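A short worksheet on the structure shown next.
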Amino acid sequence: MGNICGKPELGSPEEIKANQHINSLLKQARSKLEGEIKLLLLGAGESGKSTIAKQMKIIHLNGFNDEEKSSYKTIIYNNTVGSMRVLVNAAEELKIGISENNKEAASRISNDLGDHFNGVLTAELAQDIKALWADPGIQNTFQRSSEFQLNDSAAYYFDSIDRISQPLYLPSENDVLRSRTKTTGIIETVFEIQNSTFRMVDVGGQRSERKKWMHCFQEVTAVIFCVALSEYDLKLYEDDTTNRMQESLKLFKEICNTKWFANTAMILFLNKRDIFSEKITKTPITVCFKEYDGPQTYEGCSEFIKQQFINQNENPKKSIYPHLTCATDTNNILVVFNAVKDIVLNLTLGEAGMIL
């Protein structure tokens with residue numbers, strides 16, 4: 001019997017060859033992880049893609065400094081004033097009356113400012129917005145916001161009007177996350193995780209921007225496709241006859257089954273779950289999915305919608321990785337992105353013949 005503590009044998013030629021193969025795979029895996037991992041954010045307009053990109057900056061790049069936060073003030077003020085103007089105009093269109101003592105404020109918002117707001121939220125303008133937000137007519141109009149185009153952040157900024165109208169106001173990270181501006185062109189966020197470089201590419205989602213998507217399709221490790229769960233009862237900004245959820249389903253089918261992404265991980269973010277959970281208590285998802293006959297609950301409805309998207313996949317060998325998300329909730333996105341990171345890193349290693 002040989003000495004088990006003696007010098008190890010080199011092994012048979014087969015064992016040596018197998019060991020060399022393993023070392024080669026490890027080298028390939030290390031090389032892949034040291035390379036750049038490209039994540040492509042896709043989805044229709046208003047689905048929350050840009051908010052996800054902002055969260056990556058908060059989570060992985062030390063957030064926004066004061067100068068960067070300050071640069072969002074004008075956007076936030078434009079969102080706030082613009083949203084109130086939308087409500088005032090919608091009230092008139094829907095023939096919902098505004099209190100007599102608030103009609104002058106409504107006129108100033110709708111007529112005097114028009115589309116020429118200069119980005120300065122004066123004390124007088126803030127008071128007009130505060131008074132109108134408390135007006136029963138504006139509240140009734142807000143309850144019917146599925147009938148017109150209103151930013152998701154409207155109520156958040158109206159409720160914060162005293163704070164955001166202070167002379168020394170500096171936007172918080174939450175204020176920045178909720179700010180909305182149309183994404184045009186291509187915006188990239190680069191960050192490091194576990195010695196791997198991630199490049200997240202955000203491309204505008206509205207129809208006019210989608211022609212730019214093809215420029216980003218090469219060397220993509222994973223697609224993160226964002227869908228706004230809460231928009232099952234809304235129409236597109238670009239086309240007021242097309243349901244937003246149906247547009248997202250059609251778009252996901254195209255992206256999921258394109259030859260460009262035949263071997264690319266497909267991650268599905270079912271976003272705005274917080275707004276969705278409130279909305280389904282008032283508006284059934286049958287306004288979009290007439291065939292749905294399940295319970296009108298968050299769990300039942302979200303599971304049904306998730307399955308509708310998974311069913312768009314025509315490749316039985318391709319996996320879809322769905323997640324319910326709230327893009328404005330940093331803790332939720334941290335947890336979800338940790339799962340995404342593990343999926344992506346495992347798939348990257350898998351391509352080299354190794355699994356974590």
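Note that Cβ sites are derived from N, Cα and C of the backbone, with glycine treated the same way.
Swiss-Prot lists region 'G4 motif' at one of the ranges 123-130, 163-170, 267-274, namely 267-274. Swiss-Prot lists region 'G5 motif' for one of the ranges 13-18, 115-120, 289-294, 325-330, namely 325-330.
Per Swiss-Prot, the stretch carrying the note region 'G1 motif' among 24-37, 38-51, 94-107 is 38-51.
Note: ASP152 (GTP binding site) has non-local neighbours GLU46, ARG178, ARG180, SER230, LYS272, ILE275, i.e. same-chain residues 6+ apart with C-beta under 8 A of its own C-beta. Taking the Cβ of GLY48 (GTP binding site) as centre and 10 Å as the limit, one finds 27 other Cβ atoms among all the protein chains shown.
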